[in-house]
Amino acid sequence: MGNSNCETPRRVAVPPKKSFSASLSSAFKETIFPDDPFRQFKNQSPSRKFVLGLQYLVPIFEWAPRYTFEFFKADLIAGITIASLAVPQGISYAKLANVPAIQGLYSSFVPPLIYAMFGSSRDLAVGTNAVGSLLLTSMIGREINPTENPKTYLQAVFTATFFAGVVETCLGFLRLGFLVDFLSHAAIVGFMSGAAIIVCLQQLKGILGLVHFTLETDIISVLRAVFTQTHQWRWESCVLGIVFLSFLILTKYYSKRKPAFFWINAMAPLTSVILGSILVYLTHAEKHGVQVIGHLKKGLNPPSVSELGFRAPYLMTAIKAGATIGIISLAEGVAVGRSFAMYKNYHIDGNKEMISFGMMNLVGSLTSCYLTTGPFSRTAVNFNAGCKTAASNIVMATAVMMTLLFLTPLFHYTPLVVLASIIIAAMLGLIDYGGIIHLWTIDKFDFFVSISAFLGVVFGSVETGLIIAVTISILRLLLSLSRPRTYALGNIPNSITYRSTEQYPAAANVPGMLILHIDAPIYFANTNYLRERISRWIYEEEDRLKSAGETSLHYVILDMSGKQSTPIQT
């Protein structure tokens, strides 16, 4: 690896010593403030610093002065479109969470207004989601029966939403968003797919017209509840369910084939609600086993401060549920926001998103809302409808407000089977079997993480699947640090580049040298392993050279660049 034109070796000066406080301050800034958010405040007047600080904390003050009429027309169309989806989905997910249907509409009014002020995404559409609703039912319903103690259950839901907001806000202000990254993509794919299957199976209660159903979320308990009540099945409800579910699936399929007609899929849930309500009203189907929503009171969100329960015996249940669901909602919402931001080539601030999610759940818990996030289905509709800014959430909230003030009596005859069909149609899109199969082709361990999360949710519980996914992901991280990969490098012919001899068979070994790449930083946790692994490489290389009668080994070179693509040059 030598070169006859090498310069004379030079002594490298020892860097100056840093005090403990300076080293701690440097490490803190590197970890918590990698993007240097205070850079914009340098050399600014106090008044300018105040304006910049206000715009940083409340982004609406940054983009509102540049808002144009063209933006308003686009956001108006997008907002009305997602409102047509938000109303039936809000009612459906509220029933899934075992809270009164009106809470779903409340949760589509106040939180979107808060997000429009604090959020950094132009495309995210705020509302309740199925996985969060299922988690509430699973974690709180296990301690408090929502049928026997509806008031206590609702209080626990509001309290859990409050603590979810506290956790999300704290993560944002303390800039601890990296904690959410422990929920890897593989873990989220498996978790969401498993949760989607459980949600679909639980909707068989509505499709079959069952009155009593299990609160457990594992597949065995759900199927047992379905098939032990065959005598309770209502054929009228089954027929309606199959018809509306087929309609929803067909509209989704057509919209995928013809993206320009995305609005057909967006309007399908509201169309189903209207048609189902008219059908029940004309045929009096509620007297023949078809369950309906019933009375929904008019009016905007009433305050719920007095409903928050900070006393035993259910406080710890609410804290646990709030923290768990809050982190999952963050992972989903931030991932959705970043995905759509990539299409429009702009950046969203993960810490600002956490603060905005936290604020909308804190305020929501005080105004009769339950946990909200940025669901994929609603955001996709908002994006396809051509939204330009977060003002589309304001338009949606205004449409929901008009519904609360004037239109709630029209939902009296809405059949629950239609709501079940809407949930199933939405959840089918979250079963990402293609993504799981793709993981098998690129990384077997990620596939194992995804399948473990999936099976944990399906055969255990939602919490079990989540714990399994996070635990395996953390174990993998620790394993990669304590047992880093090492591989031999060889020279690519007619070049000065060195690559893995395993991946590049043409790469030639340098006579008398063993070049090893270490694929991780060296820590106290992996020094013994690396010593043993390098010794093994040396023994194996010496045996190979001896058996081949080649030049004996003279040098061992360690490449600790941490990047396989970094070449070693002569």
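Cβ coordinates come from backbone N, Cα and C, glycine included.
What TrEMBL records for 153-176 (among others) is transmembrane segment.
As annotated by TrEMBL, transmembrane segment applies to 182-201 (among others). Long-range contacts of the transmembrane segment (182-201) within the same chain, counting only residues at least 6 positions beyond its ends with a Cβ under 8 Å from a Cβ of the stretch, are 96, 130-131, 134, 217-219, 222-223, 226, 327-328, 331-332, 335, 423-424, 427-428, 430-433, 435-436, 439, 443, 446-447, 449-458, 462, 465-466, 469-470, 472-474, 477.
Look at TrEMBL and you will find 208-227 (among others) tagged as transmembrane segment. Counting only same-chain residues 6+ beyond the ends of the transmembrane segment (208-227), those with a CB under 8 A from a CB of the stretch are 134, 137-138, 141-142, 145-146, 197-198, 201-202, 233-234, 236-238, 241, 289-291, 417, 457-462.
What TrEMBL records for 233-250 (among others) is transmembrane segment. Remote same-chain partners of the transmembrane segment (233-250), defined as residues 6 or more beyond its termini with a Cβ less than 8 Å from a stretch Cβ, comprise 206-210, 268-269, 272, 275-276, 279, 285, 288-291, 415, 417-418, 420-422, 424-425, 428.
The transmembrane segment annotation in TrEMBL covers 262-282 (among others).
Note on the transmembrane segment (312-334): residues 124, 129, 131-132, 135-136, 139-140, 143-144, 152, 156, 159-168, 171, 177, 179-180, 183, 188, 191-192, 348, 350, 353-354, 357-358, 361, 371-376, 463, 466 of its chain, located 6 or more positions outside it, place their CB under 8 angstroms from a CB of the stretch. The annotation transmembrane segment is assigned in TrEMBL to 312-334 (among others).
The feature transmembrane segment is assigned by TrEMBL to 354-373 (among others).
Here TrEMBL flags 393-411 (among others) as transmembrane segment.
Per TrEMBL, the feature transmembrane segment maps to 418-441 (among others).
Long-range contacts of the transmembrane segment (447-475) within its own chain (CB-CB distance under 8 A, at least 6 residues past either end) are made by residues 131, 134-135, 138-139, 182-184, 186-191, 193-195, 197-198, 216-220, 324, 328, 435-436, 439-440. Per TrEMBL, the feature transmembrane segment maps to 447-475 (among others).
Summarising the annotation, TrEMBL assigns domain 'STAS' to 503-562. Note on the domain 'STAS' (503-562): DSSP counts are 22 helix, 12 strand, 26 coil.
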Among 153-176, 262-282, 354-373, 418-441, stretch most in contact with the transmembrane segment (393-411) (C-beta, under 8 angstroms): 262-282
Beyond the flanks of the transmembrane segment (153-176) by at least 6 residues, Cβ under 8 Å: 32-33, 97-100, 103, 136, 139-141, 143-146, 304, 307-310, 314-315, 317-319, 321-323, 325-327, 329-330, 351-366, 368-371
Other parts of the chain folded back onto the transmembrane segment (262-282), taken as Cβ under 8 Å at six or more residues beyond its ends: 81-82, 84-85, 87-89, 91-92, 240, 244, 247-248, 251-252, 254-255, 290, 292, 381, 384-385, 410-415, 417-419, 421-422, 425
